[in-house]
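Everything on this sheet refers to the single structure shown next.
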């Protein structure tokens, strides 16, 4: 095997292992790392026609509180 091929193989293995370790530790965005907030935001995002509702619910307290009101009624 040529040295350049060996170097490329090692680089590919390093990138693959780093990608796996980072993707395994993905957490929900914003404040939705907390399961208490994540579940209502998911439920409201499925009911909403707004494309980025989940991210807004996780980020903004006013949207989250509105979501809770919708789920209560």
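Glycine residues also receive a Cβ, built from the backbone N, Cα and C atoms like all the rest.
Pulled from Swiss-Prot, these are the features on record:
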SIGNAL    1-23  signal peptide
DISULFID  32-58  disulfide bond
DISULFID  41-57  disulfide bond
DISULFID  44-67  disulfide bond
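Locations of recorded Swiss-Prot features on the structure.
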residue	record	DSSP class
32	disulfide bond	helix
41	disulfide bond	helix
57	disulfide bond	helix
67	disulfide bond	helix
Remark   = Across all protein chains shown, the one of the disulfide-bonded residues 57, 58, 67 with the most other Cβ atoms within 10 Å of its Cβ is 57
Ask   = Relative to the Cα of residue 44 (disulfide bond), which of the disulfide-bonded residues 32, 57, 58 has the closest Cα?
value = 57
Other CB atoms within 10 A, centred on residue 32 (disulfide bond) = 21
Message = Let me check the 10 A CB neighbour count of residue 44 (disulfide bond). How many other CB atoms are there?
response = 22
Query = C-alpha of residue 57 (disulfide bond) to C-alpha of residue 67 (disulfide bond): distance in Å?
reply = 8
Ask   = By CA distance, which of the disulfide-bonded residues (32, 41, 58) lies nearest to residue 67 (disulfide bond)?
value = 41
Ask   = What number of additional C-beta atoms lies within 10 angstroms of the C-beta atom of residue 41 (disulfide bond)?
value = 26
Key: Whole-number Å value for how far residue 41 (disulfide bond) lies from residue 58 (disulfide bond) (Cα to Cα)   = 7
Key: residue 32 (disulfide bond) and residue 41 (disulfide bond), distance between Cα atoms, whole Å   = 8
